[in-house]
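Got a structure for you, questions after.
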């Protein structure tokens with residue numbers, strides 16, 4: 001059993017501790033958001049060349065062969081423009097960005113506001129999570145889900161990509177949460193059925209739309225993301241996730257004047273809607289009279 005109880009995480013110190021931890025995790029999420037798509041693109045190019053040219057894995061003739069270590073840990077944090085190594089005091093969440101006025105200390109290149117935004121959001125959302133789920137076991141899983149969704153929101157918004165290395169493990173993590181203490185958020189049966197129905201619902205819409213229009217309206221990553229969300233919440237929240245994601249996407253498109261012919265990532269809106277129902281689904285159920 002965890003030594004810390006829910007009462008600790010309801011104290012100002014416990015809440016502040018989670019907030020600070022969230023800021024630090026936000027700094028790491030920025031690394032994930034930037035590096036993971038690059039890592040995936042490098043591997044895809046290397047494997048694609050090998051398939052096209054019949055080369056064995058790691059062949060010396062492959063121009064896309066990965067010869068240097070590049071992952072979430074190595075090399076250390078550095079400016080992508082000039083390569084200047086970022087010292088630990090230059091990597092303090094929010095503070096360093098403000099002190100450096102959003103510019104690299106080496107070359108003066110402007111640092112994307114996304115770095116500040118992710119750190120700030122991660123800290124704030126972590127506080128909201130601990131206020132909603134002070135129970136230690138629920139808190140751990142809810143924080144992990146929140147951080148994963150935050151990373152996927154920005155990756156999909158920037159690259160139109162929802163990495164399987166995030167969606168699939170976190171879908172199974174949701175099912176695992178349903179096995180702890182009789183179900184941290186939903187029962188195991190509800191979780192499994194939710195994952196299956198969540199995937200098939202968007203998969204069906206995808207194929208109907210494709211058969212009618214001959215176009216792909218969304219990617220398979222969206223199916224997996226909805227399966228993930230429903231694994232954590234069950235199918236009861238499925239209609240609300242779809243409704244809120246559609247409304248959020250429509251509002252964003254109207255504000256930014258995005259036409260129907262311009263591709264737009266749907267993942268961020270699914271993730272936002274899914275997080276809202278995960279956090280406040282009980283209140284939604286109470287208002288609508290729905291039994292979870």
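Glycine is treated like the rest: Cβ placed from N, Cα and C.
Just so you know, TrEMBL annotations never went through curation; they're auto-generated.
Source: prediction; values computed, not measured.
Dumping what TrEMBL says about this protein:
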type     : residues : note
DOMAIN   : 20-132   : domain 'Prepilin peptidase A24 N-terminal'
DOMAIN   : 143-253  : domain 'Prepilin type IV endopeptidase peptidase'
TRANSMEM : 12-36    : transmembrane segment
TRANSMEM : 137-155  : transmembrane segment
TRANSMEM : 167-186  : transmembrane segment
TRANSMEM : 192-213  : transmembrane segment
TRANSMEM : 225-254  : transmembrane segment
TRANSMEM : 266-286  : transmembrane segment
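Give me the lay of the land around each of these features.
The average pLDDT the prediction assigns to the domain 'Prepilin peptidase A24 N-terminal' (20-132) is 85.
When Cβ-Cβ distances below 8 Å are used as the criterion, the transmembrane segment (12-36) is approached by residues 4, 70-72, 77, 80, 91, 93-94, 114-115, 118-127, 129-131, 134, 139, 143, 147, 150-151, 154-155, 158, 163, 165-166 of the same chain, each at least six residues removed from its ends.
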Report, as numbers and ranges, which residues of the same chain sit near the transmembrane segment (137-155): CB under 8 Å and 6 or more residues beyond its ends.
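Those are 2, 9, 18, 22, 25-26, 29, 32-33, 36-37, 114, 118, 121-122, 125-126, 129-130, 161-163, 166-167, 170, 173-174, 177, 180-181, 184-185, 225, 232, 267-268, 271-272, 274-275, 278, in sequence order.
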Go through the chain and flag residues at least 6 beyond the ends of the transmembrane segment (192-213) whose CB is under 8 A from any CB in it; none is fine as an answer.
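Beyond its ends, the transmembrane segment (192-213) has Cβ neighbours at 171, 174-175, 178, 186, 222-224, 226-235, 238, 242.
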Checking distant contacts: for the transmembrane segment (266-286), what same-chain residues at least six beyond its ends satisfy Cβ-Cβ under 8 A?
125, 128-129, 132, 142, 145-146, 149-150, 152-154, 156-157, 162, 185, 218, 221-222, 225-226, 228-229, 232-233, 236-237, 240-246, 248-249, 252, 292
Count the residues of the domain 'Prepilin peptidase A24 N-terminal' (20-132) that DSSP assigns to helix (H, G, I), to strand (E, B) and to coil, and report the three numbers in that order.
62 helix, 4 strand, 47 coil
